[in-house]
């Protein structure tokens, strides 16, 4: 029943992926497309998933029908369910969340009925001023059935839609009230409204299948349904799709942008292109910078699967040291994997990850990973390499040290759990048992995505929060 | 996935059962007790079920934790889930509902967070003035995630609680706003508030285990947890239980009462005692009245299992005609029963119900059932008796003909589906293929529960709706 | 995962039910019919179930395809599975078994391939000379993958079929080798062979749907598929059905017969007619005899659901004391019911069975049940009646005391667990807390089925084993 | 219910993986270790899995308890099941099999009871002379409940064990009777007997945890339980482990060996070392040879995940052309993945595999894969690269063309489905739409594992079957 992550708390999680399709006369199977699109976004959330469709009932009335539950797509959906989700528009969501009692309630999309009808909302991101908004709503008697920011947005939506002339207008009004990260799709019976926060924290792109429109957190989801990539949503942009076509509202555009740099470093799938820059290339770049900044003599460069592989390849390209396969990751370990009884984390890791003795024995090894959070997993992986006969282990991290919490949808630990807040790089090196350790420099991190059209948020490394965060009081 | 009722639309369903327990220092396993209590109430709702508990977290803060899902208790709960539902108070719910797209959302209890904290609400009944209230709430910007009346009550609760000094006060205020049937339990972190509508449409009783309090839709649920029956909630009464004990507020009491008479005739379990009258005795009485009002010469009296058995026994007592076993009902047919392909309803019925040839062959049979809705099931059952060799089949119905819809939580068909709205008794008799047919008289129906302390609502038979029903405009 | 019987060890279990259908040009859906037929036999076995069909593959070759698993029919089968089980003949099985490690393997039908092809075997009963046969087979190098008698029969079948000219001949040869209870259906690609042991321990009847043949453990299964009852299999008869029709071989007929009397008392469904006698009537008779043999002044006669109800009615008929409803049994408690933690059996019973206070309070009660095994359950039920206010409780058992184990497929406890082997009737009466206790006499038991065409085995009461049982050495 | 492989028939499957552990006083959790070991072998079989343990019951008697079912380890096993599988020895199995009606029956280990007791058998491989043996067994009256070769071996085991003095002797006798591929573990209540066929077709290695013995199909399973690798089983060797230690019987050793070369090319996990050679190194070698034999000017070398990656890296090493990431494989697509309706295989492939445009666009690409079976998948993958902008696509296959079926446990298509049996290399190149195509030479294939201590079977490429195969009549 519970997700069993054998890496325990020592890993990062992205909060969500969203996908929407509006069929413009192409007779698409919208729920199936959404299902496929979400499959390509499953790495962005494995706790729950859901799809809502706009369907015309026997009386010709359009109704929103939804299905969502805890679990992976393959656990929640089946042929029968997909077939009952017929319609001309669909919106889907995959979600990761830290544990909580009423988790089932938090699955998205969130379908709400209100004065003007109903809507389904799929949201990726994290707002920073919910406390104040929630307080105001509560004073007016609002009730909350979830702990999602999405429910806050739904409340605002109902309130603003009553006072305004269109969903788009209401959404733009809401965007003046909420601060933080949000890429979202709102599906009403008649149209689909898509919005991205003015900073552009989370990615959101637009695609096309024939005459129909597709929206997805990442371009890899467009590829999976063979949609043509059109462009990325602009930060602050509101798009409305209906029978009359696509309308873009940019009243909120033009602010200083701050796309989450960790999308490039860890979150996004490497085959996605975000705001102009290939994720894969950004990771190769990170590896190349690392090689330049922190060279070391060695026989082989390896990456920690899966997220360290690209940077390792980049390091190899730049240094000329051969790239090798350092680990084999067991592809069959799922959420119901049974843990070792004596709670030996080393044992668990050993089952998930096996060092490739052939590549490593007797070698000086450069091991590239994307980040170090608490240090325990890293220490175990270094141990695996030592046991496999590595003569030297040089750890290279393709991002700077984590020093600050994230308030925009990344599940980064509190400062008191972050090893880099407690120890110097040398101390960390000793703690993880490496022969040397180097992080990517801030400067290099800021240059790993040269084609990115947006500015980047790197607050987790630098502490420069691009918007006011009450908890940090960074006014 | 879908409930397969082989009797199809031709049967009645009650909407809900509720159960609550507040542990007053007895160290009870409240979720387990609620689970057992709900088992005794499972006949009141098989679509979904849920339990919410008040639990103190590691920091000593009380939190409401819940678990609910589609399905029977045995499908939704297991040892693991029950163990995670620890606490000092619990509220549970079983629900039947007519089909709908977003059914999962409708499972109860409904847990809401609002300005003053949070509460779990379990509700049995049906309000008649929700349309107006919903409209008013919507004008204030409210959003609705379910189609339950419970959500309406939760909204009112949040609004009124802000303006008042206590939950009890808020509940009493709400009771001036809502009209219709409601027996409900509201669990806040500190207390449990229990209320019954001023008409007392749906039953609700109070029990005790040592020093702790138990609330249940029916006394059979008290029996199942070995609780002592204390008394029934008074119509209009509001009870508050907290560490200081039990407080009763009766400001809303004293109105004309109208307990649903169909609880005696069909809904409630025969071993329950509702507002002073044994359900079993009421059904025996119905049978006795039938025998007096509509005697016929016969060799045997049989009942249609399970709800017709008691009245058949009463008929036998009064008439002196031997009571016999007329049918064997297959106890293993559950919701996943696979239907005959050619949609022969007769085949389906035959698997569920087999006529006892030994009792019937060559006999003049009096067959007692509780009601006729559309007539198709009744016709099939009569056919089973004919095939089993019955010489004559005299059908006796232990209630008057259904002539009016119910707006208080009973799933009675529209008038255009009710056979008694279309045909005379003689025509119905011919339609179902019986040798004679008689219904219980209105007068007898009104006297079948002589010990009942309340007046009864018999609108489905008489059209005398005890409160204003907008759809009937019965002012 | 484990069956949870809240009555624990203190109840009786029948071992199996079998069903077969051979479509003779009527284009029947044989797997669906078998599914329905098994539903009517589910009371004979709830641990596992299975269906095997004869199907013609794309090349026109007939293959036996099967599906079986642990669990009830509703847990094992679904629409998809049934649809894959197409064919012109089917054989099905429901099984109860005492616990064992390799239980899944024991599910039937048992499909075997051998020199002459393949066959599916469904078997109900228990052989008494398996030890010797198994030893002989083992000496020839046989391996056994189950602990079923069926596998012994399959081994013999393979051996004899090689030496003989037909399946029927082989079956008759086997019947000279095996001793004990067996009603069985063997389906080969071309035909169906049905056999009943010469003593006729277990029932087996023949039915017809149009031109097609149906075989079932009980007639209630014929009723469920709307088949016409033709006749019972004769003890010792072997029937062969193929395209040429039905052929009966009676070489083994004519021995002294001994149908299990407990089929009438407890096992069979009351709406079945076994070898000429209605099960319901036999139970009424038992009650009538009890009333004659052990009268007592009382106000009401009640039965313990479900198996005590018929005899209670018979007692009422004979005595003139009114029949009443003494208990309500919870129909929703299934195998996944969660047990009370403190292992209070009384609590568990209370949830499953509630005494009907209305019928009992202040009354002198005659409580009829079918048997007493260890006495603990009976004691608890008497306690329920006392708590419900019974003034006197007179227990009447519709069978004689259990004194001997059964070797023919009934799961009767060892002698050292049988209360009647340890205590006198008076002592048992005291132990269970009754005011009086009486069992049915041996004489009455031997006369409860006057229309039965066979002699009965009553060894569990009398010790008169009708065949040689090695463990009893009753030569 | 059915495995949905979106690559359809166009892929290869290995038949099984086996694992055993015999606890020699180290108090190991043998079922948990077996579970972990099987996880590392899951790539060798995903259809069913099972574990059998030797357990001492309450009377001190040793019994074999087993659990097996259809599905992946994570679907079949859970904490509860593992906990019931306690003991001092365990044997486990993962199985792939081509479809079949009675698939559940075929799950292993196969537990049999016979004259001398019982044993559990786990077997990897394929015998070539089963038809004759089965015929002989059938003539003696044997029955077969599965279609596994394992059942044949079990039959022989029962027969030979009766005539011989020990299990080891019996196993050696059997080995003179059976021909073909088999690596197997037989667990009796007292000991574990491990055997490998004289040709050594399938791998099998020995490991140690403290004083206890572990056996596994591949060394990666030893690593996963942190066992020390001891050595590989010798072809023809029979090992007996019991309380007295390890005894090796080599009477059958010394024949010409023929390890399946496809273990190196495709089946085994790259982190395994088989008979002296690292699988990863063998694949690197294959890539290096390919680069020497079939060089081509290009900008990047990519592999088809997962099995083409190592050879691609080897090609890059040798050629100096940069290695790149060509595809991202979706890690979340499991067996319940819902297929596109219009059966467009391209669509399915697109969801599973996405071309990395960043690496490919405008480039001359060398794409390395391990084999081509029917050619359809390869064509689709080439198309993906073209769509991603590849200027040229040069396909290099790290094995020679498939020309002959395998009779030793590899699921290679019939000759009439093998594209290389129908078309020349040039024609295949055109068919798959590549700019050039080259296979590994026979010579290179025979030299890719220079450290391998055994001869290799390469019959699928060369037609040189190392033993007599009736279907090929290669005497």
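Keep in mind that glycine also has a Cβ here, set from the backbone N, Cα and C atoms.
Within 10 Å of the C-beta of residue D:16 (active site, nucleophile) we count 28 further C-beta atoms, all protein chains included. Sequence annotations record features per position, and here TrEMBL assigns active site, nucleophile to D:16.
Annotation for residue D:260 ([4Fe-4S] cluster binding site): same-chain Cβ neighbours under 8 Å, separated by at least 6 residues, are D:181, D:201, D:202, D:267, D:408, D:409, D:410, D:456, D:457. Sequence annotations record features per position, and here TrEMBL assigns [4Fe-4S] cluster binding site to D:260, D:406, D:457, D:460.
Close to residue D:370 (Mg(2+) binding site) in the fold, though at least 6 residues off in sequence, lie D:265, D:266, D:304, D:307, D:308, D:311, D:397, D:398, D:399, each with a CB less than 8 Å from its CB. Sequence annotations record features per position, and here TrEMBL assigns Mg(2+) binding site to D:307, D:369, D:370.
As annotated by TrEMBL, domain 'Glutamine amidotransferase type-2' applies to D:16-244.
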Other same-chain residues whose Cβ falls within 8 Å of the Cβ centroid of D:260, D:406, D:457, D:460, the recorded [4Fe-4S] cluster site, in sequence order: D:201, D:261, D:262, D:408, D:410, D:412, D:458, D:459
Number of other Cβ atoms within 10 Å of the Cβ of residue D:406 ([4Fe-4S] cluster binding site) across all protein chains: 21
Residue D:16 (active site, nucleophile) to residue D:406 ([4Fe-4S] cluster binding site) - Cα separation in whole Å: 15
Mean of the pLDDT scores, which run from 0 to 100, over the domain 'Glutamine amidotransferase type-2' (D:16-244): 92
CB-centroid shell, 8 A cutoff, Mg(2+) site D:307, D:369, D:370, site residues removed: D:265, D:266, D:303, D:304, D:308, D:311, D:368, D:371, D:397, D:398
All-chain count of other Cβ atoms within 10 Å of residue D:369 (Mg(2+) binding site): 23
Alpha-carbon distance [residue D:460 ([4Fe-4S] cluster binding site); residue D:369 (Mg(2+) binding site)] in Å: 17
Members of the recorded positions set D:16, D:307, D:369, D:370, D:406, D:457 whose C-beta sits under 8 angstroms from chain B: none
DSSP three-state assignment for residue D:460 ([4Fe-4S] cluster binding site): helix
Least buried by Cβ count (within 10 Å) of the binding-site residues D:307, D:457, D:460: D:307
